[in-house]
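Worksheet: the structure to be examined is printed underneath.
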Amino acid sequence: MKDKNIKISGNFVRIHLSGSFLKFQSIYNLKKLYLQLVILTIVAFFWGLLGVIFVQFSGLYDIGMASISQGLARLVNFFITSQNINVDSATIFNAIFWLTQILFNVPFFIFGWFKISKKFTLLTLYFVAVSNLFGFFFSYIPGIDNFFLFANLTTAKDGGFENLINEKGVQLIFWEKSAEKQVSLLFYGLIWGFLQAVFYSVILIIDASTGGLDFLAFWYSEKKYKDIGGILMLINTVSFIIGYVIGTYLTGSLSVQSYVGDDKHQPFGVAFFLSPNLVFTLLMNIVLGLFTSFYFPKYQFVKVEVYGKHIEKIRNYLLDNQQWFSITMFEAEGGYSRQKTQVLVTNCLLIKAAKLLEDVRKFDRDALFSITFIKKLDGYIYDRRTNKQTKHGTENKS
């Protein structure tokens, strides 16, 4: 292998440094539809399988509109179990838990079709349908309802109050009870939050989403140039609270109305609302938002500096190909060699910097390409016009 480090003089060595600017950078280059569908199918497979393990039988809730359908499934399952209704409760529970999410998404598909893009909506429709069908079928694997990575979250060790709740199909644990269950549920939330962030980032890179309220988050993010991670965290929290109240707070309280116990566990009391299920799902949502911003920094602004000998050629190429970067150019003098070098400076989005690097390397393989993250920016930037957007701004200001 040829050594790219070249000795210049004495102990001075020119060292070649290189690094990927974007996480999952290779996925950004997938433009063929069949490859995008393959990636979405793989993600949907694991989303459905792990959703059964980490959410359906743990008492946690998923993100977005899914949490509401999950809450309804748990509410219906509670009434069937508590009233001893002679129906196939497992099928009803699984169908509501997974398949109603597809129906709930219909208004959002219409919104996305007209407000975002047809391709985005169709890819999202594909992912929502496939992932929920995978989850529905995986929920029928024999014994999966009693498969836990850590402690068993449904078996009561002390009987009495906790056993009464579990017998009626309510997935709820309390702070005063088994610490083993609390720690297990905490790990479930942290792991699933991280995995969702990875899956979700890949889905967004392909230009799709998980459906539901994601359409609103994506639309607002595009319209206001806001980071999508924080927006997701907010809307997911609101939808989760609704699902939690329906599927856990209400069902848990109704299940013990006839039970005479201590004052800490009165129906509709604080213990039923501020449970580990609530706290750890909120924590999971925070992990999801933070890691989504990390893996998919769509609106992270950076300052790019390019030092090279062919800056004029790079400038002409960018202008001829309508690459809307606002450019500042000047000549600098090396402090050691006193040689003149040209410098190109621009402020842009991080995901655009990767494309800019490709353009620079077409004309100057030895140019120094430097990126500095910008925490605050006040002014305007250029962004290439698309079918969904209009051009923004006239010049950079940082």
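Including glycine, each Cβ sits where the backbone N, Cα and C put it.
Sequence annotations record features per position, and here Swiss-Prot assigns transmembrane segment to 37-57, 92-112, 122-142, 186-206, 228-248, 268-288 based on sequence analysis.
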*Using Cβ atoms only, state whether the transmembrane segment (268-288) and the transmembrane segment (122-142) have three or more pairs under 8 Å that are 6 or more apart in sequence.*
no
*Quickly jot the same-chain residues contacting the transmembrane segment (122-142) by Cβ under 8 Å, restricted to those at least six beyond its ends, or write none.*
36-37, 40-41, 43-45, 47-49, 51-52, 56, 94-95, 97-99, 101-102, 105, 109, 112, 203, 206-212, 214-215
*Near the transmembrane segment (228-248), which residues from the same chain, at least 6 beyond its ends, have a CB less than 8 A from one of its CBs?*
59, 61, 63-65, 67-75, 170-172, 200, 204, 212-214, 216-218, 220-221, 272, 275, 277-278, 281-282, 285-286, 288-294, 296, 298-299
*So which residues does the transmembrane segment (186-206) touch in its own chain, when a touch means Cβ under 8 Å and the partner is 6 or more beyond its ends?*
23-24, 27-28, 30, 36, 39-40, 43, 46-47, 50, 54-55, 58, 60, 63, 123, 127, 149-150, 218, 228, 232, 276, 280-281, 283-292, 294-296, 298
